[in-house]
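Per Swiss-Prot, the features are as follows:
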type    : residues : note
DOMAIN  : 22-125   : domain 'Calponin-homology (CH)'
REPEAT  : 158-176  : repeat 'Calponin-like'
MOD_RES : T164     : phosphothreonine
MOD_RES : S169     : phosphoserine
MOD_RES : T174     : phosphothreonine
Amino acid sequence: NRGPAYGLSAEVKNKLAQKYDPQTERQLRVWIEGATGRRIGDNFXDGLKDGVILMELINKLQPGSVQKVNDPVQNWHKLENIGNFLRAIKHYGVKPHDIFEANDLFENTNHTQVQSTLIALASQAKTKGNNVGLGVKYAEKQQRRFQPEKLREGRNIIGLQMGTNKFASQQGMTAY
């Protein structure tokens, strides 16, 4: 739908295209098709563009995440599906800075960010115990609780980084 890019816009478009990883696309395709049972098609971005497969994916990971899947008859239905998916993955635990914008997928402007979001979703799924073959398991917060007496004792200890105070004196010091 967009015309040709010139100047800085063309440079940005080329830089984004260079960051796109076909190997990651294959891994994402295997994961999504395995989880949903639906074939994406030859063109990865076009297969996800209507948002239906994405909503099925999040509903498999967390049932009931998206209540209504719009039949993608018109463009606004497709955009609404993508928007519902993005809201659902945010509630699932994907960080807002990892989430693509609906137009990145719908207008084919930033496929790299779409890949990054799907990898972040796979990582979150792995963290929640799903058997996912890509992404990393996020670390869990380990809360430590110390007794007040132990905390007071720690204030009186001179740390090894501070060295020793055994030979401390003011000998050789002069006033300004």
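Glycine is treated like the rest: Cβ placed from N, Cα and C.
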Quiz item: With every protein chain in view, how many other Cβ atoms are within 10 Å of the Cβ of T174 (phosphothreonine)?
Solution: 5
Self-check item: Listed in sequence order, residues with CB under 8 A of S169 (phosphoserine) and six or more positions away
Solution: none
Quiz prompt | For the domain 'Calponin-homology (CH)' (22-125), the number of residues DSSP places in helix, strand and coil | solution = 71 helix, 0 strand, 33 coil
